[in-house]
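Reviewing the structure listed below.
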Amino acid sequence: MASSGFQTKKGDSHSDHLVQPTNPNVAAMQEDVLYHFSLSTSTHDFPAMFGDVKFVCVGGSPTRMEAFAKYMAKELGLDHPGAEYPNICRGTDRYAMFKVGPVLSVSHGIGIPSTSVMLHELIKLLYHAHCSDVTVIRIGTSGGIGLKPGSVVITRQAVDASFKPVFEQVVLGKRVVQRTHLDEELAQELMQCSLELLDFPTVLGNTMCTSDFYEGQGRLDGALCSYTEKDKQKYLQAAHSAGVCNIEMESSVLAAICGACSIPVAVVCVTLLNRLEGDQVSSPHEVLVEYQQRPQRLVSHFIKKRLAAARNPPNL
């Protein structure tokens with residue numbers, strides 16, 4: 001098994017929950033080629049490479065996820081002069097993957113389709129590596145509704161563009177609808193971490209997941225636009241009334257797929273603008289860089305707390 005130097009103790013109610021795909025065909029496969037990761041069970045020793053993974057942090061940008069891996073190395077005391085963090089998926093340009101101790105940092109691209117492909121192969125990777133007690137967290141960016149830019153939203157529930165907590169796709173020509181519940185305890189734990197940091201405004205609320213950045217989110221600045229400013233404001237106000245705090249493009253599929261496999265999952269996104277006041281992200285680059293670091297700082301604090309608690313469990 002891979003060793004990260006971080007030992008977790010068994011005995012709580014969540015211990016030894018092995019990652020398990022719901023697809024029974026996976027177990028019968030002699031070889032499983034994770035094509036979009038450029039990894040295969042016949043050419044890579046998954047338990048040795050990934051067996052100690054306890055936290056998987058995903059985000060859209062390969063650059064951001066590499067930066068997060070380097071940040072976690074420093075936070076966990078694993079960084080040293082000359083340390084390198086190679087892209088495990090360097091055989092492909094679809095996704096990027098970096099590992100630091102028990103933390104796996106993976107890019108998912110933009111939108112539901114790209115995230116879905118990544119999640120299928122990620123969950124199979126964790127299964128083949130015999131990983132247990134894994135927590136998945138998306139760290140990303142979003143557009144806020146009624147929030148100041150730079151606010152961090154911890155998602156309570158992922159909803160679709162009609163404000164319903166569902167994820168819909170067509171399978172073999174039939175409409176399949178899945179619920180998009182996120183782990184409430186995990187969300188509350190992350191919220192507690194934000195209260196301990198007190199570095200930036202953080203809220204717990206619903207996140208609307210859309211399939212498009214422009215018309216799907218009511219923007220007026222795309223190449224196409226079939227509505228007015230008044231129509232846009234009416235829609236965004238309705239979303240706000242439904243408890244929606246921010247808009248992005250991945251949370252629903254993350255909730256649906258991880259939920260189906262009983263993997264605790266959370267979404268932590270910073271808002272880059274208030275959509276009630278505009279559509280374009282116009283803050284200076286250095287401001288946006290600092291905003292994007294906020295979810296990373298929050299999730300890092302959470303991971304360190306979890307690891308400390310695992311090394312020193314309370315006496316019952």
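The count begins at 1 with the first shown residue.
Backbone N, Cα and C define each Cβ position, glycine as well.
Listed features, source TrEMBL:
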| type | residues | note |
| --- | --- | --- |
| BINDING | R94, R138, I139, G140, T141 | phosphate binding site |
| BINDING | Q217, R219 | substrate binding site |
| DOMAIN | 54-304 | domain 'Nucleoside phosphorylase' |
| REGION | 1-21 | region 'Disordered' |
Pairwise Cα distance for R138 (phosphate binding site)/Q217 (substrate binding site) [Å, integer]: 20
All-chain count of other Cβ atoms within 10 Å of R219 (substrate binding site): 20
Extent of the phosphate binding site in Å [max Cα distance among R94, R138, I139, G140, T141]: 20
Local confidence of the domain 'Nucleoside phosphorylase' (54-304) - pLDDT mean: 97
Tertiary neighbours of I139 (phosphate binding site) (same chain, Cβ under 8 Å, six or more apart): C57, V58, G59, F68, V268, C269, P295, Q296, V299
Listed binding-site residues among R94, G140, T141 whose Cα sits within 10 Å of R219 (substrate binding site): none
List of residues, in chain order, with Cβ under 8 A from that of Q217 (substrate binding site) and at least 6 apart: G143, T210, I247, R275
Candidates R94, R138: member of the binding-site residues with the richest Cβ shell (10 Å): R138
